[in-house]
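For reference, the structure is listed below as structure tokens.
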Amino acid sequence: MPKTAYVRTKPHLNIGTMGHVDHGKTTLTAAITKVLAERGTEGGTVFVPFDRIDRAPEEAARGITINIAHVEYETDTRHYAHVDMPGHADYVKNMVTGAAQLDGAILVVSALDGIMPQTAEHVLLARQVGVDHIVVALNKADAVDDGEDTVLTDLVELEVRELLSAHGYGGDSVPVVRVSGLRALEGDARWTAAIEALLDAVDTYVPIPERYLDAPFLLPVENVLTITGRGTVVTGAVERGTIRVGDRVEVLGAGLDTVVTGLETFGKPMEEAQAGDNVALLLRGVPRDSVRRGHVVAAPGSVVPRRRFTAQVYVLSAREGGRTTAVSSGYRPQFYIRTADVVGDVDLGEAAVARPGDTVAMAVELGREVPLEPGLGFAIREGGRTVGAGTVTSVS
Ligand SMILES: Nc1nc2c(ncn2[C@@H]2O[C@H](COP(=O)(O)OP(=O)(O)OP(=O)(O)O)[C@@H](O)[C@H]2O)c(=O)[nH]1
Ligand SMILES: [Mg+2]
């Protein structure tokens, strides 16, 4: 049976859940799909249960999210692709990849625990990779529900607003909604209404971003899969431009020229994908092993990958989970740029050293070429933790 084609009836946005490990991101994601599936919006949302979101066997066994999971849902006014990001410190690099393409994020904070290290780290990284709007879900509100405890929840809310303001998110005006993903999943009416309120906040607070539809096509590869009998498929969010079946593209990083022979979003074929869409591209004659996460699919000749750039970088303080000691020229950490993870040599020039907490200018030479442009955000990591966050200022 032919699959039903994707029909674009509402604006599409990419959002996601982020926040500290175990604060309830995956539970909330499942609850959102449940509430919307039951609301029965035209076009439809399919309920995705918790264990289908945390789906790799290793993740299910450990009960933590390692990889990024995508789900799709629709409110009355919008179509959303939602990425559920991991909270555990070891998987922050996966979170960075997921956040790199978000129009807005739901910051999940447990009302029981308040701000924890990855709450702060995710806010900082979200800012750095260009997530402009955050809505807060103060989760597990069911567990702190009476008398004195509201005072504690009020304090957590205040603390979250301060954290957001400190990172330029205008904490006073950010919507903070008290929810219980767990109780909503169980069908409790009060907490179902709270999820509705959260979705209304997302619908109204996260604006429809300006899409660069006229720019040449570009898609950072998030994942690569093989479809038996058909070929190699790459997935990711279209950063700019549009693409149709039959269009020529190049795969930067793999050094390949090819043609798009199939186009889908969430399993539904589509005629044309545009900036912001989360898609799968079937590529003609591309061997599975030649393409990797971090490569970029682009209109032929539209981007020239580079190795050298200058940047403005914030070196995280020890309190933010960063280094305890300064770095100097010759430092060689990993750079997370779009979906790529590349080693780079740092030259601090005159400044010579950068201490935790400093903002410095640096010149970087990457171990391999990637598409770069001024304004592009990136993260710097070392030994499994984030040590810096920066923005490209010039490319040479
Ligand atoms: N009381 C209560 N418990 C909750 C709620 N939401 C989640 N939990 C519990 O908190 C634990 C963690 O929930 P998850 O949804 O896996 O948390 P997570 O943020 O996705 O965790 P990672 O992906 O590993 O970072 C589970 O035991 C949930 O049942 C809630 O609203 N209320
Ligand atoms: Mg999770």
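Note that the numbers count up from 1, one per residue, in the order the chain is shown.
Keep in mind that glycine also has a Cβ here, set from the backbone N, Cα and C atoms.
Database features, via TrEMBL:
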BINDING   19-26, 84-88, 139-142  GTP binding site
BINDING   Thr26  Mg(2+) binding site
DOMAIN    10-210  domain 'Tr-type G'
- [ ] Using a Cβ cut-off of under 6 Å to any atom of ligand 1, determine which of the binding-site residues Asp22, Lys25, Thr26, Met85, Ala141 qualify.
- [x] Asp22, Lys25, Thr26
Open item on the list: As a test of the contact definition, list every same-chain residue at least 6 positions from Ala141 (GTP binding site) whose Cβ is closer than 8 Å to its Cβ.
Closed with: Ala111, Thr153, Arg178, Val179, Ser180, Trp191, Ala194
- [ ] Could you tell me which of the binding-site residues Asp22, Lys25, Thr26, Met85, His88, Ala141 have their C-beta within a distance under 6 angstroms of some atom of ligand 2?
- [x] Lys25, Thr26
- [ ] Compare the C-alpha of the residue listed as 'Mg(2+) binding site' with the C-alpha of each of the binding-site residues Gly19, Met85, His88, and give the closest one.
- [x] Met85
Task: For Gly19 (GTP binding site), the three-state class that DSSP assigns - done: coil
Open item on the list: Which secondary structure state does DSSP assign to Met85 (GTP binding site), in the simple three-class scheme?
Closed with: coil
Task: Candidates Lys25, His88: member of the binding-site residues with the richest Cβ shell (10 Å) - done: Lys25
TODO: Within the domain 'Tr-type G' (10-210) only, compute the mean pLDDT.
DONE: 87
